[in-house]
């Protein structure tokens, strides 16, 4: 007789969990109790759920699991940034990075192992695409990090404990790790709903950000299903250049993308879209590009986030000099465009989208020795 795969409760949003419990004759409040045990208390054992009936716990133990991805490595930077490398099988791995700041703690999570969008400046795309992550694997990154960080914070508060950033816990989540979230929509959506659910993580929509390269139809769906804060990987002020840097632009050009952004704003928790713009020396950082970008930005309520590029050999690209970035940013601000320059965090542990995952692929796939480095995950202003 073939064994039935047990349900991983990490991947079930409130509606799905209520349906499962209802199939066993349970009431909706039992599902809410169970959800709080899993996501708020971080329980990984049904025996620990002492306010649930013994028979119910036995049913859960037979049919369900609470299981995050295995952790290959964990690293910590001198600035407090922490990075986990999760094993997704077949020699592939994804990264999750926690960035503590004075006023927030931001967790950057992945939605795919690899990426199909293949932006020219991103090493993750050069590595290719392995598979979509399941909802349990997406939310499992948050579940794991929350447990680790809260345990560290509890320890730091003890007499003689270490104060400071050790007490910072997760207040914001950004989907800016590996992958294009909107190309894994059916798994990303329940993960987002769990992040917002008061019986799970209870984050406000303003504190959860999805970053997309511009999958227009799915932007429209997200605006209806779960309108969290939105960041768009722009990186070019015109179609000709964006076609080269972000190949998806050939399918969804800027006029369609900007129209989708405007539609999204009707439902968004913030009154602006964040445009991400990776600064590439001599490619998209000239005064003319700044003028074009100003005209584009005036079409949509937005803010610009300029990102210094971290070169990798396969890209053939260079980082814009710091002086050029400052001049570029000043031109935008002088035109009334809210502009920030992302600050690098976690340099000493290579806290980078896909970077260490690429190294894992190198070690396990001899034919992919040309997989190289990537753009660091840096300070995120969600």
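Yeah, the Cβs are placed from backbone N, Cα and C, and that goes for glycine too.
Keep in mind it's a predicted model, so treat the numbers as computed, not measured.
Swiss-Prot lists 179, 180, 233, 234, 235, 310 as binding S-adenosyl-L-methionine, and of 211, 223, 320, 322 the one it places in that same site is 211. Here residue 122 ([4Fe-4S] cluster binding site) is positioned 11 angstrom away from residue 233 (S-adenosyl-L-methionine binding site), judged by their C-alpha atoms. Rounded to a whole number, the C-alpha distance linking residue 115 ([4Fe-4S] cluster binding site) with residue 179 (S-adenosyl-L-methionine binding site) is 5 angstrom.
The Cβ neighbour count for residue 234 (S-adenosyl-L-methionine binding site), using a 10 Å radius and every protein chain shown, is 29. The two recorded residues, residue 310 (S-adenosyl-L-methionine binding site) and residue 119 ([4Fe-4S] cluster binding site), show a Cα separation of 14 Å.
On the 0 to 100 pLDDT scale, the model's mean across the domain 'Radical SAM core' (101-348) is 93.
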